[in-house]
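What Swiss-Prot annotates here:
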SIGNAL    1-19  signal peptide
DISULFID  CYS32-CYS79  disulfide bond
DISULFID  CYS34-CYS69  disulfide bond
DISULFID  CYS62-CYS80  disulfide bond
Amino acid sequence: MNRLMILVFAAVILALASADEDVDITKRGVPCLCVSDGPRPRGNNLSGIMWMKTGGYGGNGCPKGWHFCGKSRGFFSDCCKR
């Protein structure tokens, strides 16, 4: 059972690592709250996308063409907007 869990975990990590940048991440990403979304009385729109910090991206964790839009930086991820 432990070997199966390790194999599945490794497959997920490899799939994430080999994800193509050209894929439209806005359709498959996790939404997050940008500063520009602001507090609204009827709820907030989540216009940002959560990006995992990896070595290939800049210091802010966002890929090319995206900018950091969150209130504070996360330890493993940042909220980015196109």
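Cβ atoms here come from the backbone N, Cα and C positions, even for glycine.
A straight line from the CA of CYS80 (disulfide bond) to the CA of CYS69 (disulfide bond) spans 5 Å. Among the disulfide-bonded residues CYS32, CYS34, CYS79, the ones whose Cα is located within 10 Å of the Cα of CYS62 (disulfide bond) are CYS79. In this view, the densest Cβ surroundings among the disulfide-bonded residues CYS32, CYS34, CYS62, CYS69, CYS79 belong to CYS79, judged by other Cβ atoms lying within 10 Å. Here CYS79 (disulfide bond) is positioned 6 angstrom away from CYS69 (disulfide bond), judged by their C-alpha atoms. Looking at CYS34 (disulfide bond) and CYS79 (disulfide bond), their Cα atoms lie 7 Å from each other. All protein chains considered, the CB of CYS80 (disulfide bond) has 24 other CB atoms within 10 Å.
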